[in-house]
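Noted in Swiss-Prot for the protein shown:
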type	residues	note
TOPO_DOM	1-37	topological domain 'Extracellular'
CARBOHYD	ASN29	N-linked glycosylation site
TRANSMEM	38-63	transmembrane segment
TOPO_DOM	64-72	topological domain 'Cytoplasmic'
TRANSMEM	73-93	transmembrane segment
TOPO_DOM	94-118	topological domain 'Extracellular'
TRANSMEM	119-140	transmembrane segment
TOPO_DOM	141-163	topological domain 'Cytoplasmic'
TRANSMEM	164-183	transmembrane segment
TOPO_DOM	184-191	topological domain 'Extracellular'
TRANSMEM	192-211	transmembrane segment
TOPO_DOM	212-240	topological domain 'Cytoplasmic'
TRANSMEM	241-266	transmembrane segment
TOPO_DOM	267-279	topological domain 'Extracellular'
TRANSMEM	280-300	transmembrane segment
TOPO_DOM	301-317	topological domain 'Cytoplasmic'
LIPID	CYS315	S-palmitoyl cysteine
Amino acid sequence: MAVQGSQRRLLGSLNSTPTAIPQLGLAANQTGARCLEVSIPDGLFLSLGLVSLVENMLVVATIAKNRNLHSPMYCFICCLALSDLLVSGSNVLETAVILLLEAGALVARAAVLQQVDNVIDVITCSSMLSSLCFLGAIAVDRYISIFYALRYHSIVTLPRARRAIAAIWVASVLFSTLFIAYCDHTAVLLCLVVFFLAVLVLMAVLYVHMLARACQHAQGIARLHKRQRPVHQGFGLKGAVTLTILLGIFFLCWGPFFLHLTLIVLCPEHPTCGCIFKNFNLFLALIICNAIIDPLIYAFHSQELRRTLKEVLTCSW
């Protein structure tokens, strides 16, 4: 699996510039002595990937086991876990192949390695795109459940959810394949960045609107009990903290990766950008960390899911 310098290869040429743009392999005198490069050992990549792999496998198995969890909301959560599982699994596979090649335990022809690398790139890219899509889908689902509560079950039906899920997977595979094929075009990188920003804005708008509605509801209840300010302010503060954590984790884990893509287009040869490019492995590790955090935010808060998880762990099928 191709490694450029100290950086692993992901999504074809993402850790290098497209052929139409000068390479990111900046000399030491270009990047300067002040560059901070965070080294991510292969062992850490494997550890993070395996933790995420096991965690998301448990989520998928738990939802599959309990028929009460086969609602549209849990279908989206299950698909998010599957996407995160593929992100982690592809990186575990790539890291394992790199280590085997470096140790001389695996010998393969360059053409074979190139094909394997392309397949892993497509899997990684499609799972990342689908993960972002399902994060947005979960936000939309929760928004409808709050603002259209009486009509929720007629709007978000299981057949519609399945069609949406199928469309997301097909679109993710299709666009990731096109991306790998045309990764030397800056327009492709810009499309990915715009897509990330669109998902971020969508989630922020929906969750902020949901928080505002929840605060209004709490304020109305407080007025009935003549305890307006303490209850309302306490609820609003708790909701704001929760929202900040949710969106903050999303931005901190995904933002650096898409900043990397943006800088490839804007300043491929600038020394400061070159310093940022050196930390590609760190950005990838943050995405894997997000795959570890997602189940804690979206899945394990459910008592029904936690109860079923205990059954899965005790093998009581």
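Glycine too: its Cβ is placed from the backbone N, Cα and C atoms.
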Secondary structure composition of the topological domain 'Extracellular' (94-118) [DSSP: H/G/I, E/B, coil]:
19 helix, 0 strand, 6 coil
Mind pulling out the one from 38-63, 119-140, 192-211, 241-266 with the most Cβ pairs under 8 angstroms to the transmembrane segment (280-300)?
38-63
May I ask for the residues of the chain that lie six or more residues beyond the transmembrane segment (241-266) and have a Cβ under 8 Å from a Cβ within it?
14, 17-18, 21, 24, 132, 135, 186, 189-190, 192-193, 196-197, 200, 203-204, 207-208, 211, 273, 276-277, 279-280, 282-284, 286-287, 289-290, 293, 297
Based on DSSP, tally up the residues of the topological domain 'Cytoplasmic' (64-72) by helix, strand and coil.
6 helix, 0 strand, 3 coil
Kindly state the mean pLDDT of the topological domain 'Cytoplasmic' (64-72) in the predicted structure.
89
Which sequence-distant residues neighbour the topological domain 'Cytoplasmic' (64-72)? Criterion: at least 6 residues beyond either end, Cβ under 8 Å.
78, 141, 156-158, 160-161, 302, 304-305, 308, 311-312, 317
